[in-house]
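Among the features that TrEMBL reports, domain 'HTH gntR-type' is placed at A:18-86.
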DNA sequence: TAAGTGTATTAAATCACATGATACACTCAG
DNA sequence: CTGAGTGTATCATGTGATTTAATACACTTA
């Protein structure tokens, strides 16, 4: 049996200026973190996803491999690639992304000798546009 | 006259895994933003900085060019490259960096369907280590 | 058996980045 | 004027990561 029909990725535009396999991995990581890909969900086959992204199977493979390395995916030869069933996949995906984001702003803030809260507030004032008042509180 | 003795950059380690010219530009941008390079300060000559960084003059040129593009530097043939005298160089450098940082966390937060404040708090909880309580306030 | 999975290998093309060498244009102290 | 020190331009070359392309193999299941 072909089990379940695999998950259908939303329309993606790949930016040629960034590594394709990184972008693919990132999109999937985000989908998992956003709880739109529950544990056990079957991903498109390497060949299918490659075809729909106009990319080589090799490239998709590399993305899948990276995510498997992170423990977000698990693959079974002959069956397919699935979102890991281990408890807390979403949580781990979220944690990784959030931690990186925090580290990033912390590093930038440290560069400028500012606190994170002040950095973000300044960013909002400086054409940050959008909503989000960015501040006046500890971060 | 050779005017003033040029600014002496702190010891830098360049990461081979990232574009050298980007790193150089970034470091200088940060120095300006952190008010450690007042307007009018003379930068090392292209050749000198290149030599001290064990890099080709071409690479330093590219970094300087990028910063001139941003209006942070101005160069005078035969004299050297200087931090722009226009009012608010530090402010503009800060603004650019802060805006980019904010945009970054906003994009990541949006990906996860979270608010910036929640993203950062989560990052802090997830092994963010360090100080900075990351939260419980609007950002 | 056949179709569909993941996986591995190899060769080649591409591209941004960096080097190295050289030459030119300009400014200024002497 | 001269020469040393600036920025600037150009060209050929090298390098490394990325990607393509074409195969081939191993496994699972209808």
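The backbone N, Cα and C atoms fix where each Cβ goes, and this holds for glycine too.
Helix, strand and coil counts under DSSP for the domain 'HTH gntR-type' (A:18-86) come to 34 helix, 9 strand, 26 coil. Each residue in the domain 'HTH gntR-type' (A:18-86) has a pLDDT score, and their mean in this model is 97.
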